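Undergrad: According to Swiss-Prot, the record shows the following:
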BINDING   Gly12, Met13, Ser14, Gly15, Ala16, Gly17, Lys18, Thr19  ATP binding site
BINDING   Asp62, Ser63, Arg64, Ser65  GTP binding site
Amino acid sequence: MAEQLEVVIITGMSGAGKTVAVQSFEDLGYFVIDNMIPSVATKFVDAVKQSGEITRMAMVMDSRSRGFYDQVVPCVAQLRGRSDLTLRLLFLEATDEELVSRYKESRRAHPLSHQDGVLPGIMRERQLLNDLKSQADLVVDTTTLTPRQLKQRITERFSPDEAHSFYVNVMSFGFKYGLPLDADLVIDVRFLPNPYYIPDLKYQTGNDPAVQAYVMDNPLAQNFYQHLYSLIEVALPGYIKEGKSSLTIAIGCTGGQHRSVTIANRLAADLKNNQYPVHVHHRDVDKAN
C-alpha cells in the first residue's frame, strides 16, 4: 500500500516569514512549491500522488496569486475532505507595526497597498484572511522571532519524526508590550509579588535562580501554580482527543522579565517531565527594564 501523502499549505500575512518557511520545509525534505494557485492545487496534488515519488509536500498560497481570496478557502476544504492525504495549514502572522517595519526595511510594495501606503494594505489583507486563519492547524506569530527561531518552530512541528505528535508551546510575555497573537491560553500572573522592586533582583530575570526562588517561595505563588498545573494537566488530554496538534500557553506579567518567565520555565519543565514535547519562548525577556 502506498504511503499516504502529507500536504502542508503555508499561508498568512505578507511579510510574516513565508520565505523562511519555504527554506525550512526544503531542509526537512519536503517537496516545496512557492506561489501555488489555489484553483490548480488539487490537480497538482493528483499529479504528485500519481508519480509515487513524493510523500511530503508543502505549497505556499498567498495574495500574489490572482483570485487567491476567493479560491483558497474552497481549496482547503476540498483537500481536507480527501481520504488519500493528510492536510495541515500553517498560518504565519505578525503585528501591523512589525509588518510595516519589515516592508520599510525591504523597500518592497505590499501586494494590497495602493496610493494610501503600506498599513492600509496590511489591514485589508488581515481582514480578508480571517476565515482562512480560523482553519489553520498552527498559527505562528513571527513578530519577535528571528529567522532561526522561526525555522526551529517549524522543524519542531513538521519534521517527519514529530509529524503526528501533540506539541506544547509555553511562552512568557509582558502585557505592556501587547498580547501574543497566537496564544490559545493566556495566564495573568501580575498579582504575584514583583521582583522588579527588589534592588538585587531588578536587573535579573526569571531565568536566574534568585528570581525563581523569590517568586516560587511565596505561598501565594505555590498555591496558584499547583492549581494552574492541575488545570493544564486535566485540559491537555482533552485538546489531544479533539485533534488539536499544538497548544500555546502564554504566561504574562507586566514587563515579561521576572514572574512570567519564572512560571513559564516551571510549567515547561513539569510538562517535559510528564513526557509532553515542549518549546519555551520568552518573548520580552531581553527588553530593557
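Positions of Cβ are set from backbone N, Cα and C atoms, glycine also.
As the structure is a computational prediction, the values presented were derived from the model and not from experiment.
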Undergrad: List the binding-site residues among Ser63, Arg64, Ser65 whose C-alpha is within 10 Å of the C-alpha of Lys18 (ATP binding site), in sequence order, or say none.
TA: none
Undergrad: Measuring C-alpha to C-alpha, could you say which of the binding-site residues Asp62, Ser63, Arg64, Ser65 are within 10 Å of Gly12 (ATP binding site)?
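TA: Those close enough are Asp62, Ser63.
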Undergrad: Rank the binding-site residues Gly12, Gly15, Gly17 by the number of other Cβ atoms within 10 Å of each Cβ and report the first-ranked residue.
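TA: Highest number of other Cβ atoms within 10 Å: Gly12.
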Undergrad: Quick check on the binding-site residues Lys18, Arg64: which one has the highest count of other Cβ atoms within 10 Å of its Cβ?
TA: Lys18
Undergrad: Per 10 Å Cβ neighbour count, which of the binding-site residues Ser14, Thr19, Ser65 ranks highest?
TA: Ser14
Undergrad: To the nearest whole angstrom, state the Cα distance for the pair Gly15 (ATP binding site) and Ser63 (GTP binding site).
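TA: Counting only the Cα atoms, the answer is 11 Å.
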Undergrad: What three-state class does DSSP give Ala16 (ATP binding site)?
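TA: Once the DSSP labels are grouped into three classes, Ala16 (ATP binding site) ends up as coil.
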Undergrad: Which of the binding-site residues Met13, Ser14, Gly17, Thr19 has its Cα nearest to the Cα of Arg64 (GTP binding site)?
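TA: Comparing Cα positions, the candidate nearest Arg64 (GTP binding site) turns out to be Ser14.
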Undergrad: List every residue in the same chain as Ala16 (ATP binding site), at least 6 positions away in sequence, whose Cβ is under 8 Å from its Cβ.
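TA: When sequence neighbours closer than 6 are ignored, Ala16 (ATP binding site) has Leu92, Glu93, Ala94, Leu99, Thr142 within Cβ distance under 8 Å.
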